[in-house]
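*Asks:* Pulled these from Swiss-Prot:
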ACT_SITE  173  active site, proton donor
ACT_SITE  293  active site, nucleophile
BINDING   57, 172, 253, 335  substrate binding site
C-alpha cells in the first residue's frame, strides 16, 4: 500500500511520488467489448511513458450503462468492467485514484441522487440536498460500501485490500453554493470520511475539492481566482482538517477560472496558487498535496499547445522544487491523456499519446527530474 508519513508518500519503504494522469472513462469503455482495448492501450501507453498513477471514475449513476442503476442496485456487467480496469492497472504496475461521485451531472453525480430522492417522494429543492438529506446520504453510503468491499472477479482480491488502489476520492469537485458558510459540505465530508475509514482504514482518502479558500481563512480569499469561488461552500483548510482525510487535493484550471487570456497572467496565477497550497498543506495541514487535475483546453483556439506545455512546466516546476527541498510530497495528475481511437471523448484538454511527441518529452523530462 501507499502510505502517508507526514507530508510524504511512501511505498515499500521508499518515497513515492505521483506522476499521474486522468482518464475518466475507463470503466465505461471497459463495459463494451468493442472499446475495451482502448482501456488497455491507455494504461499501457501511460505506463510506458513513465506515469505511475491514473485517476478515474468508479461511478456511473443512472443513464446508459450505469454502474448504479438505482439506489442499492448495481449492474454486474459494469462492475466487472471496473474489475477489468483495476486488473489492467495492476498488470501494468499502475496505481489508481478512484473517485466515487461527481459534483457535476456527467455520469449522474449529485443531481442523479437528488432525482432518485424526488422519485422516492422526498421533499428536495436543490442538488445541494445531496449533502444534507439523510436518505440521499444513505444511497451514497450504500454505493461506497458496494465498491470498497467489492471482490474483483478478475484478481479475486477485495478492493479494500488491493494495493493497486492508491486512494479513494469522496467526490469530484464538490461545491455547495447554497451554503456559502461551508458548514453543510464540512459536515458531509466529516461524516463520509469517517464512514469510508470504518470500512477501509488502510487506503488513503482524499476529498476531491478544487482548492478554493473559504471563510475559515479570510486572509487567503484573495488567492482564489474570483470572488465567487470563496462562496462555493468549500474551504481548503477547514475541509482538509476533517478526521480521516489523508491527502490535500487541489485542481488547477486558470483557463476557465480567469476571464482574460493574457498568458503571462495565467502562469503567474498558477505559480501563486500552487505555492500557497503547497505551503498550507505542509505547514497548516501536515499532509501531502495531490494536484488531482491540471490542464489547458485548446478547443476554442484561445490557447494552443505551446501555452499548454508552458502551463504544465510551471505546475511541475513548482511541485518539483518543493519536493526536492523536502517541503512536500504527493504529486500531479494531468487532465487528461488518451490513446488513439478515443478522440471523440476529447473535451479540449486531451493529450493524444501518438500525436503529442513534445508533450510526451515533457512528461519524460519531469520523470527524470523526479528520479535524479
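A Cβ is built for glycine as well, from the same backbone N, Cα and C atoms used for every other residue.
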*Asks:* Using the alpha carbons only, what distance in Å do you get between the residue listed as 'active site, nucleophile' and residue 172 (substrate binding site) once rounded?
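*Replies:* So the Cα of residue 172 (substrate binding site) lies 10 Å away from that of the residue listed as 'active site, nucleophile'.
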*Asks:* Looking only at 253, 335, which of these binding-site residues has the biggest number of Cβ atoms within 10 Å around its Cβ?
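*Replies:* Result of the Cβ crowding comparison: 335.
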*Asks:* Where among the active-site residues 173, 293 do you find the Cβ with the fewest other Cβ atoms within 10 Å?
*Replies:* 173
*Asks:* Once the chains shown are all counted, how many other Cβ atoms turn up within 10 Å of the Cβ of residue 57 (substrate binding site)?
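*Replies:* Taking all protein chains shown, residue 57 (substrate binding site) has 25 Cβ neighbours within 10 Å.
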*Asks:* Please report the distance from the Cα of residue 335 (substrate binding site) to the Cα of residue 173 (active site, proton donor), rounded to the nearest angstrom.
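*Replies:* With distance taken Cα to Cα, residue 173 (active site, proton donor) is 14 Å from residue 335 (substrate binding site).
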*Asks:* Non-local Cβ contacts of residue 172 (substrate binding site) (under 8 Å, 6 or more apart, same chain)?
*Replies:* 57, 99, 101, 102, 103, 104, 109, 208
*Asks:* List nothing but the largest Cα to Cα distance in Å, as a whole number, among the residues 57, 172, 253, 335 that the record says bind substrate.
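*Replies:* That value is 19 Å for the farthest Cα pair.
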